[in-house]
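Each remark here refers to the structure printed beneath this line.
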Amino acid sequence: GTPQKYDPTFKGPIYDRGCTDIVCCVLLVVAIVGYVVVGVVAWTHGDPRKVIYPTDSRGQFCGQQGTPNEARPLRPLRPAGVLVERRPSPAAPRCPPPLQICVSKCPDRYMTYLTAYGNPSSLEYYRDFCTPEFGNSRKAPIEVLKDKECPAMLIPSTPLARRCFPAIQAKKGVIMVGNETTYDDGRGRRRNVTELLEGAKKANVVLETRQLAMKIFEDYTVSWYWIIIGLVIAMVASLIFIVLLRFLAGIMVWVMIVMVILVLGYGIFHCYMEYAKLKGEAGSDVSLTDLGFQTDLRVYLHLRQTWLAFLIILCVLELVIVLLLIFLRKRILIAIALIKEASRAIGHVMSSLLFPLCTFFLLCLCIAYWASTAVFLSTSNEAVYKVFNESACPFSGQTCKPETFNTSNVTKLCPDAQCLFAFYGGETAYHKYLIVFQFFNVFMFFWLANFVIALGQVTLAGAFASYYWAFKKPDDMPAFPLFSAFGRALRYHTGSLAFGSLVLAVVQVIRVTLEYLDHRLKAAENKFAKFLLSCLKCCFWCLEKFIKFLNRNAYIMIAVYGTNFCTSARNAFFLLMRNIIRVAVLDKVTDFLFFLGKLLIVGSVGILAFFFFTQRIKLVQDTAPPLNYYWVPILTVIVGSYLIAHGFFSVYGMCVDTLFLCFLEDLERNDGSAEKPYFMSQNLRKLLKMTNKGQPDA
């Protein structure tokens, strides 16, 4: 801690420390080793092809090399893509699964096997949609359908994700498939195509989504470099803004406030002009509810109601910001002083602005490892084959092996029995505990992701604390404050970071479990259970927010004093509670100003992107690429600009929080005397009208 008598060689409290929460450190290492073992086992047993490639009735991948399906990469979606004749028997304990066949292309016409049987050219076309072993074209149709060598009928389909979906479309309100409203069901009866909707009720939505996705992808291919230029502009603007804050914090804050008001004002003006321009145009008075959902979002921009909604939203936002500025004008002056101090601290630790990239990279590694492990775990089941039959058989439903099935006693006792692929599963101990491994994978993801974030927070807090607790700034600071803080965090406080991230991970896993239960109970009629679940979700959401707030301040205390997690959390909490008014005035006003800074950068870059991609800038009008939806690159630039600005301002926010806690500690532990001098900078002492008696100012 701080000494009772000032020592000119004293470097501040951040250097006097030892290892903390060693038990949690050991627990984290053991958990990581176990996580690696689970990953290796999953990668050994898993096969991601099961997610990408469809399979036939024998469990073989469509398009797999070395199999009869090598030239058949597609599989019709059952039951609507290629329908199959079922012959269930009441005496059969288990009905055979529907026929699944890999094909080289999707069918493009209506056809039944009965009609194709009498026409050689049609039968040759139909052969592409039968099993690879089908070769006896003279076989009676009833025998072919009974042996499940060919489907009873074909329906026009379109390929999507290696599967054939019925080509369902609506023309003038009439549901059609392949320009037909009826089809032959293979039994000589005509049926309406609306009967196919239940089997493929989501196929039309999927196809429309696919068309939308293809257009969006085309927009990205022709505008990706302009998007990158927009993001670079956002990064440069964020960097310039932060550099200017270091020298002109007060002016920049007020300029930022005025610019935000002007940007919103222009948005209000633009929305009003568009609203007025559409007056009297045909179709512009249609309401949003009457129009419904449209995949082409440009349709909404031709409605007056859309621009009226934008106008109202921007007016309300403008009014709220103006009122907040009026009531917080005095407190903004205090926040400006704190931002100036943070600007000086970042000026001496400029590498901190790039440190979020390290945290982002580690988070990407955590996400990649979790996602790959989850995929391999979910695809590590083995193909399970069952005995299916159409007559009573004692072996019905039992597991079988296709390689030895024809020579087993099952075929002798049950001549009509078949060994068919049933599902992916397994009966080994590994397969029985797959759900446990998946749960462990999710838990470790949250733990490691929170640990990475905690490591970044402690590192930044340690670097900025070294600035504050340097009596002579910056002479008493270490040569590389960021790397020194990173080394201290890993060397002494890995256990404390593991402790804090573990607590948060437990709460987050509980929240995920509650969301899963809520999803499963949506169809339940028990209102009390739904109410109880909603209350639990709300409580754990609040608990997660509180733990994040507590952890952030605890990590700052760990970086400053090197105490364990529980002690740091307790000290930080009570320190903030003793200064709750200062917390509300300084911390929250500063957060509000940072939000305005993000809004200014994102709004400016977003408006620039809007004018460019809509070809409204005459100087570069011919340079803008032709687009299907100009909102695609605009939204990408806006979201990317926000993430970039958030990364830069998150460093600033951590700096302000660290200096604020150090400032409160300094006020409580020191009194400005020769024995207990203040460590705050001269500018802060002048603002608070405090001096160090008998000591030279830094």
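Note that Cβ sites are derived from N, Cα and C of the backbone, with glycine treated the same way.
Copied over from TrEMBL:
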TRANSMEM  21-43  transmembrane segment
TRANSMEM  224-244  transmembrane segment
TRANSMEM  251-269  transmembrane segment
TRANSMEM  307-328  transmembrane segment
TRANSMEM  349-371  transmembrane segment
TRANSMEM  444-469  transmembrane segment
TRANSMEM  490-510  transmembrane segment
TRANSMEM  554-577  transmembrane segment
TRANSMEM  589-613  transmembrane segment
TRANSMEM  629-649  transmembrane segment
Other parts of the chain folded back onto the transmembrane segment (629-649), taken as Cβ under 8 Å at six or more residues beyond its ends: 215-216, 219-220, 223, 226-227, 230-231, 234-235, 238-239, 241-242, 296-298, 353, 356-357, 360, 594, 597-598, 601-602, 605-606, 609-610, 613-614
Same-chain residues at least 6 beyond the ends of the transmembrane segment (490-510) whose Cβ lies under 8 Å from its Cβ atoms: 17-28, 442-443, 446-448, 450-451, 453-455, 458, 540, 543-544, 547-548, 551, 554-555, 558-559, 562, 564-566, 568-569
Non-local residues, at least 6 beyond the ends, that sit with Cβ under 8 Å of the transmembrane segment (444-469): 11-14, 28, 31-32, 35, 342, 344-346, 348-349, 352, 355-356, 358-359, 362-363, 366-367, 369-370, 477-478, 481-482, 484-486, 488-490, 493, 497-498, 500-502, 504-505, 508-509, 551-552, 555-556, 558-560, 651, 654-655, 657-659, 662-663, 666, 679-680
Other parts of the chain folded back onto the transmembrane segment (21-43), taken as Cβ under 8 Å at six or more residues beyond its ends: 369, 372-373, 376-377, 380, 430, 437, 440-441, 444, 447-448, 451, 493-496, 498-499, 502, 564-565
Long-range neighbours of the transmembrane segment (251-269), counting only residues six or more past its ends (CB under 8 A): 241, 244-245, 310-311, 314-315, 317-318, 321-322, 325, 332, 335-336, 339, 593, 596-597, 599-600, 603-604, 607
